[in-house]
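Quick notes on the structure that follows.
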2 protein chains.
Amino acid sequence: MGEEEEQQKHEVNFGAPRKFAKSFKSDLKETFLPDDPFRSYKNESKIVQAKKTVQYFFPIFEWLPRYNLKLFWADLLAGITIASLAIPQGISYAKLAQIPPIIGLYSSFVPPLIYAVFGSSKDLAIGTVASCSLLFPAIIGRVVPPTNDPSLYLHLVYTATFFAGVLQAGLGIFRLGFLVDFLSHSTILGFMTGTAIIIALQQFKAMFGLTKFTTHTDVVSVLHAIFAQFHQWQWRPAVMGFVFLAFLIFTRHLKKKNPKLFWVPAISPMVVVVVGALFVYFTKANFQTVGDLKKGLNPISIHYLNFNSKYLSSTVQAGVITGILSLAEGIAIGRSFATMRNYQTDGNKEMTAIGLMNIVGSFTSCYLATGPFSKTAVNNSAGCKTAMSNVVMALCMMLTLLFIAPLFSYTPLVALSALIISAMLGLIAHEEIYHLLQVDKFDFIIAVSAVLGITFVSMDVGLGISVGLSILRALLYVARPSICKLGNIPNTKFYRDMHQYPCATRVKDVLILQLGSPLYFSNSSYIRERIFRWIEEEQGNQHEVHYLVLDMGGSTNIDTSGIEMFTELKKMVEKRGVKIMLANPRLEVTEKLILSGFIDDIGKKSVFLSIDDAVAASKFKLIEDFNSKHYSERVVSNAADKDLSDAQVVNMEEGNGSSENKKGGDSQ
Amino acid sequence: MGEEEEQQKHEVNFGAPRKFAKSFKSDLKETFLPDDPFRSYKNESKIVQAKKTVQYFFPIFEWLPRYNLKLFWADLLAGITIASLAIPQGISYAKLAQIPPIIGLYSSFVPPLIYAVFGSSKDLAIGTVASCSLLFPAIIGRVVPPTNDPSLYLHLVYTATFFAGVLQAGLGIFRLGFLVDFLSHSTILGFMTGTAIIIALQQFKAMFGLTKFTTHTDVVSVLHAIFAQFHQWQWRPAVMGFVFLAFLIFTRHLKKKNPKLFWVPAISPMVVVVVGALFVYFTKANFQTVGDLKKGLNPISIHYLNFNSKYLSSTVQAGVITGILSLAEGIAIGRSFATMRNYQTDGNKEMTAIGLMNIVGSFTSCYLATGPFSKTAVNNSAGCKTAMSNVVMALCMMLTLLFIAPLFSYTPLVALSALIISAMLGLIAHEEIYHLLQVDKFDFIIAVSAVLGITFVSMDVGLGISVGLSILRALLYVARPSICKLGNIPNTKFYRDMHQYPCATRVKDVLILQLGSPLYFSNSSYIRERIFRWIEEEQGNQHEVHYLVLDMGGSTNIDTSGIEMFTELKKMVEKRGVKIMLANPRLEVTEKLILSGFIDDIGKKSVFLSIDDAVAASKFKLIEDFNSKHYSERVVSNAADKDLSDAQVVNMEEGNGSSENKKGGDSQ
């Protein structure tokens, strides 16, 4: 293989920049269609394409044709199990949301049916969730307290559910799923824990049979309200509540010991509700009960949606916050179970499905539903095979609504409170948060700030602080990229962080820095000043620096501020007698540096495929400088000349032969 | 050199993680003290340290002891030149801000003196700026229209200036200078251009001697106001205005032809003002004039600061927006001239200096000042040497205020309008914006959105859209990092983007992906799904994939969501028969992967110093798998064993001898 051909292969590819339309299209595709949903369409007939399109938009057509009786038996069992959980959960979360308990039952009838048609998860069980239920009184209750005008308040909850659904479906349809990614794992952990704490505390109102209570949700107000009324505590409901709570915790403990007994905690809420209701019915005890559950299916509520500008800001706010939170929960949980069972869910499709079910739900007297963790886990343990288990649950709910709903009106509130406390205890993620402390301090701070903000101020403040810190961190990363000084790992051609690899040795007369981030407006002045400081430090430490090699392999992009930074940096370091060399610039960066003329400014021969090439070239140039006794501008300007550069390569290898041989030249 | 020692040097450094306190301290230092201001303090005596501390906080003590007569002559000339520019600019920008013109003169007296003590730039000339001047009526005028209650409006402008100063000084003292970096180059270009257009258009009110005018600033309203009053146009002031404008443009043109004539455009504004005033004085023409300029120095205004909650939100808003904008302008301009003259300015010190001068200014009847481009350029051209030129200018202003201020009251408004239009024409950066279009489309969109938003809606809307787009871009980068498939550059040990280097060849059975970003919550699900898609594509294209090598050199950090992503990814790809290998993880990432147990999960022997090592190891493992006919978990779990691993290295080199020799083994 000739030396000339050899040299060619080592060069940086300075090909013509891609057309804007082409790179723009590929950027757009990566942003909005990262999963490339149409890739399986290529090379298929029209009929297959049409069939796949229908299946894409209605995943039910993917699994229904292959559905059989064996699958149905599994789904039937799972569906009945989650229905027995859905009834008590529906009633108790509706109480949390301060809406009539029957709405909670309605919300487990219509949304699961819609989800079964559009959803792509096989495990997700649809129902209401505690955290979002509490957010409605916290946000809408500020404008219309639920006790003042219950029906207006309920209509605003429908409206917020509608907005949440529109937002969720919109995010899915416009493929903006990545916005949900901005709720970090640690924010969600902190939010769940903080909310679980305040929701559990709220339950002591019913546990002690108190009639007056604070409207605040923070720990201090709630504890004050509980203990200030010590003399109004009613002991009979409290005893019943703690017995139920102990029973629920015991059944969960049972399951942990023997996973086969998963159905015990799954039906225990139903047991608590039924036992409680029977107890009240037969003893005629003077307990607060759920009261007033009418027979009948969901009435139409589309005409109740209230877009009055007076309430619009709070309904939109409630819709956006609950919409994003419930989406994050539903998608994360769907994905976890899909990974466990080795299939894929489609995030954007899931969003559309969850959004559609909430839109339809808001038309049919339902409030916000998603795929809660507890219910989904039970569904999975009960052996569900497809989304058919949601259909079964919906049918069970229908039968309940049509025939036996009034029976639940005797359910004592204290039974529901025991249920909620027991559920919330499972959501307090103190172990995970402690794990964050060990692995990543900043994530720990994000989670703890959510917990403290929620427990001591309010839910939206806690969430806001935590999301704000997460985004600040992302921005800080962009503003303060890590730059490190590289040294040669002895006897190799590799250059690594000298801090990480103490064995790495400094290359004489050359400062090698790795830029580990895109070069954007937000970090360009930092990078310029930081690099300049490296040079000053090196030169201050009696190390000569003639060449500055910038490893650009980690810089995925550059903007005009970044390019300007390079131009300024070049001027600054040249005044200190230092020349800039670039190693391994990536595609987008190379294109823009060419377009802006910076590559021509430093010369194409100052851009190298690898750090090793740059170091080798710098040695050659130093020797040449030494030979001509003074720094010759001619050499640098002529370096672009092909003939001379080939000669350089030869010279270089001869000149450094002894050290090169040790390393094993890669061109022989 | 023994083989064992050789092998050791190639290993990834799995040293114990740094103490949290240590890494946290170093992170804090990089974030807040990137310039490491105290590095010159080491190894100095207490007295020198005390002296350096004083000099650090009061840069005047750095240059004043070495000040001499020669420097003073240069600064005297420059100071007088910028004073002759400061008078007309002060009056006209005060008119823009709709405050009494004398305030503009006051603002060129106190702030420059403060800056001279605290500032670190030698070129920055202090004065008021057009864009911020227009922002006060745009924001504060909404609550208190300047025509309704001029004195309350003026007090609110002082208050906003105070807030701006506090913000600026606070950013400097708390070393939060990087927040200013979030105003990107393209945002500033667009903001300048858009503002210049609307400010220039505003001037046609005075040019045509109109008395009624719109309060809106957008192009449509202003043009409508101008042309609807066609019959009220006064031709005499218009003729004078256009003559002056032509003169000003001509003088600027002169300077372009012959840079030595820089003083011609510098004093021409003064000529225009004086000629205009004399004309009005002698002809008694019925022109609108500045009117009412009293003799005397700045009166104290501290008692006028108005913190009434009724106005607080608008004064804070005006303070924050003008504060950040003027800071960005002052710092960027100071830095540009420092680079030109090869000295360094300290961003945080500059902010503190600008902030302090505005705080003191708001106590002494001044409004927002910074270092405007036009004045600074004139200062530099006039040969200023130190901040003393600001002191000279301030003394000139003092003499003006004490003795000749009333003379300027005859200045016709039309002369000021000609001045402003001429200044604004220089700020319209159409060429730079066109350059953005060529180099970076997204930057172009950011700049154009600022221009359109400002000219067709309002200044704050335009600015908001543009900043929002810039930040969205930064966040999108974090959310959609670029991942690329690497191939081997023939006859080297280097692996490069196959898209960028078409000559790079795919490594058999191995998929090598480069992750070019930190692994954060905002991108972890994207990365997981994107990598999984690569594997599906490869396997769909009849390429076997047994190993997934992830090049982590570009990933500077990872959070818990990122770690979780790796754990999930590992499960997902293992189900497809693919093993994960990591190449060249950086310090922070390695630490966190160890702490979280992921490294133990995949085995330390699956982490390599370079891609080449990983590829070599994968080949060895494939051969071993082939020999043992089925995949043996034993090998992988035992791979952590040192003896076996050494054996592996030997085997590897023997087994692949023929291909390794071509590449030049690096361990002989």
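In case you wondered, yes, glycine gets a Cβ from its N, Cα and C as well.
Mean predicted confidence for the domain 'STAS' (A:500-618): the pLDDT average there is 87. The annotation domain 'STAS' is assigned in TrEMBL to A:500-618.
The region 'Disordered' annotation in TrEMBL covers A:646-668.
Here TrEMBL flags A:71-87 (among others) as transmembrane segment.
With a threshold of 8 Å between CB atoms, the same-chain residues lying at least 6 positions outside the transmembrane segment (A:99-118) that come near it are 57-60, 83, 86-87, 89-93, 124-128, 136, 146, 150, 153-154, 157, 290, 292-294, 297-298, 349, 352-354, 356-358, 360-361, 364-369, 387-388, 390-391, 393-394, 397-398, 400-401, 405, 408. As annotated by TrEMBL, transmembrane segment applies to A:99-118 (among others).
TrEMBL lists A:124-144 (among others) with the feature transmembrane segment.
Taken from TrEMBL, the feature transmembrane segment covers A:156-176 (among others).
Under the heading transmembrane segment, TrEMBL lists A:182-201 (among others).
For A:237-254 (among others), the entry in TrEMBL reads transmembrane segment.
Per TrEMBL, the feature transmembrane segment maps to A:261-282 (among others).
Sequence annotations record features per position, and here TrEMBL assigns transmembrane segment to A:316-338 (among others). For the transmembrane segment (A:316-338), the list of distant contacts is 119-124, 129, 131-132, 135-136, 139-140, 156-157, 159-168, 171, 177, 179-180, 183, 188, 191, 344-345, 347, 350-351, 354-355, 358, 368-373, 376, 380, 460, 463: same-chain residues at least six beyond its ends, Cβ to Cβ under 8 Å.
If you look up TrEMBL, you'll see A:350-370 (among others) marked as transmembrane segment.
The annotation transmembrane segment is assigned in TrEMBL to A:390-408 (among others). Long-range neighbours of the transmembrane segment (A:390-408) within the same chain, counting only residues 6 or more positions beyond its ends whose Cβ lies under 8 Å from a Cβ of the stretch, are 75-76, 78-80, 82-83, 86-87, 91, 101-102, 105-106, 108-110, 112-113, 115-116, 119, 124-126, 273, 277, 290, 293-298.
Counting same-chain residues at least six beyond the ends of the transmembrane segment (A:413-430), those with a Cβ under 8 angstroms from any Cβ of the stretch are 88-89, 91-93, 95-96, 130, 189, 192-193, 195-197, 199-200, 203-207, 209, 237-238, 240-242, 244-245, 248-249, 252, 269, 272-273, 275-277, 287-290, 373-374. Feature annotation from TrEMBL assigns transmembrane segment to A:413-430 (among others).
What TrEMBL lists as transmembrane segment is A:442-472 (among others). Taking Cβ pairs closer than 8 Å, the transmembrane segment (A:442-472) reaches residues 131, 134-135, 138-139, 182-187, 189-191, 193-195, 197-198, 216-220, 321, 325, 433, 436 in its own chain, all 6 or more past its ends.
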* Asked: At least three Cβ pairs under 8 Å linking the transmembrane segment (A:237-254) and the transmembrane segment (A:182-201), pairs spaced 6 or more in sequence?
  -> no
* Output the single range from A:124-144, A:156-176, A:350-370 maximising the number of Cβ pairs under 8 Å to the transmembrane segment (A:71-87). => A:124-144
